[in-house]
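Step one of this worksheet: look at the structure below.
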Amino acid sequence: MDPGNWSQVTEFIILGFPHLQRVQAYLFVLLLLIYLTTVLGNLLIFLVVRLDSRLHTPMYHFLSALSLLELSYTAATIPKMLSNLLSVEKTISFSGCLLQIYFFHSLGAAECYLLTAMAYDRYLAICRPLHYPTLMTPELCAKIAVGCWLGGLAGPVVEISLVSHLPFCGPNRIQHIFCDFPPVLSLACTDTSINVLVDFVINSCKILATFLLILSSYVQIIHTVLSIPSAAGKRKAFSTCASHLTVVLIFYGSILFMYVRLKKSYSLDYDRALAVVYSVLTPFFNPFIYSFRNKDIKEAIRRQLTRSGILG
């Protein structure tokens, strides 16, 4: 196509789940309930950890940071998804689309780094318990949390810059539930092989590196736990890691299949289903996984409710 004939697209249409048009209202109610539960659950964990001095330990500092991150992560996509379910046009501006991609990927990267830090914290606590108090200090926890945020925010800058210079001349229909690199790149009016390659390399390094670090931590944790002579000691050690490992498997299980691949898409429904898992369901389940399986969190919630007068 002659570059002189390009007409730059100024907005996109996010199609979402086009085969479910008849149940849009039910999907809106369901997604709204999930989002409100996600916000309230993560906010509750964040506030309880901040307010209860008994939870001012590295493990719970990281947990509160994860809850805050989940609140921001879901805010990047779900409110717009809710709006699109009620809207006929389902449009988003070009700049708004790029901003959504940026925050979604930067906060997702920050979550990868934070989950890695949490695995390292569990490794020190179980494999090097005598040195743990001196190694994992509150100051170091704060620096690690800030580093995870800053590292995440810097992550997708190159990819966003490359996409922002691509020509989009139509069609402008995004075959996805929100703006993301693969469906947006498929709409460009030029060859995007460089973009796809850069996206693959950055995501592979970021996702695979953190996932392998987490796995290596848990290999050493399992080795140490199996050497504990008492069954009660083994159960206690495993219980401190079970919630985090569950979250890791759910989160990485979906993003590895979604982003560590050179092929743009396996199928539209496949990509949409995976997107629902890591953008909606994982943040929704996290408060339940951590609070319902954690005695300290449940007791802290009970203390705060009693102190506030909600519980007698």
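Keep in mind that glycine also has a Cβ here, set from the backbone N, Cα and C atoms.
Automated prediction, rather than curation, is the source of TrEMBL annotations.
Residues or ranges marked as transmembrane segment by TrEMBL: 25-48 (among others). Same-chain residues lying 6+ beyond the ends of the transmembrane segment (25-48) with a Cβ under 8 Å from its Cβ atoms: 17, 55, 63-64, 67-68, 70-71, 74, 78-79, 81-82, 85-86, 280-281, 283-284, 286-288, 290-291, 297, 300-301, 304.
Look at TrEMBL and you will find 41-290 tagged as domain 'G-protein coupled receptors family 1 profile'. Mean pLDDT for the domain 'G-protein coupled receptors family 1 profile' (41-290) in the predicted structure: 89.
Residues of the same chain lying 6 or more positions beyond the ends of the transmembrane segment (60-79) and with a Cβ under 8 Å from any Cβ of it are 31, 35, 38-39, 42-43, 45-46, 49-50, 100, 103-104, 107-108, 110-111, 114-115, 117-118, 121, 138, 141-142, 144-145, 148-149, 177-178, 279-280, 283, 286-287, 290, 296-297. Annotation source TrEMBL lists transmembrane segment at 60-79 (among others).
The transmembrane segment annotation in TrEMBL covers 99-120 (among others).
Look at TrEMBL and you will find 140-158 (among others) tagged as transmembrane segment.
The annotation transmembrane segment is assigned in TrEMBL to 207-226 (among others).
As annotated by TrEMBL, transmembrane segment applies to 238-260 (among others). Remote same-chain partners of the transmembrane segment (238-260), defined as residues 6 or more beyond its termini with a Cβ less than 8 Å from a stretch Cβ, comprise 59, 108, 111, 115, 118-119, 122, 125-126, 199-200, 203-204, 207-208, 211, 214, 218, 221, 225, 271, 274-275, 277-278, 281-282, 285-286, 289-290, 293-294.
Beyond its flanks by at least six residues, the transmembrane segment (272-292) meets 16-17, 31, 34-35, 37-38, 41-42, 44-45, 63, 66-67, 70, 73-74, 77-78, 104, 108, 176-178, 180, 243, 246-247, 250-251, 253-255, 257-258, 298, 301 of its own chain at Cβ-Cβ distances under 8 Å. As annotated by TrEMBL, transmembrane segment applies to 272-292 (among others).
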